[in-house]
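Comments concern the structure below.
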C-alpha cells in the first residue's frame, strides 16, 4: 500500500477526534468505547490504531485541539478586544456550552487516575492562563491598567471571571445584558479612566 500523504493523515486524525467528541457528547466518557468511536468515524479498529495508540491518547489530543482552537479565537491585544473577548465568552453559551462543560467535567474526573490526561489538562490550563497573562502584560505596557494593579493580578481576576462563566453555564447564568454589565464592572476595576473612554458605549 502506498504511503498516505501528510494531509490525508491529518484529516483522518481530525475525523477521529470529531467522532470522539460526538461520542462523548452522546454517551459520556465511560460509555464512549473505541468501538463506538470507530463506528462513528466509519473506520476500522486497525485504522484507528494507525493514528492513536489508546483511548487515553485520543482524549489527550482532544483536549489539546480544543485548547488550540480556543486560543485561536480567544485573544485580545487592546482594551476594545479585551471587552469583546469577555463578552464573547457568554455568546458561546447555551445548550452547546452546557454539553461541552459536562464533557470537560468528565475529562477532569478521568484525569484523576489517567496521568497522561492529567498532564494534557494541566498544559491546557497553563496555555489559557499564559495567554491572558501575556495579553494583560501588553495592556500594562501601554498604560491601560490602573496604577498599582499588576498585570498578573489583573490576569488572575479575568481568569476567575471566566471560571465563573463556566460554573454559571450549568444553571441560571442570567441574560446577556446582565453579563455585559458584569464585564463593564470588571473592566472599571482594571482599567484607567482614559482606557475606559476608548470603549464603545
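Cβ from N, Cα, C; glycine included.
All TrEMBL annotations are machine predictions without curation.
Quantities reported herein were computed from a predicted structural model and do not represent experimental measurements.
Through the fold, the DNA-binding region (33-52) approaches residues 9, 12-13, 15-16, 18-20, 22-23, 27, 58, 61 of its own chain, all at least 6 residues removed from its boundaries and within a Cβ separation under 8 Å. Taken from TrEMBL, the feature DNA-binding region applies to 33-52.
The domain 'HTH tetR-type' annotation in TrEMBL covers 10-70.
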Item to check | Within the predicted model, mean pLDDT of the DNA-binding region (33-52) | outcome: 96
Checklist entry - Using DSSP, how many residues of the domain 'HTH tetR-type' (10-70) fall into helix, strand and coil, respectively? => result 49 helix, 0 strand, 12 coil
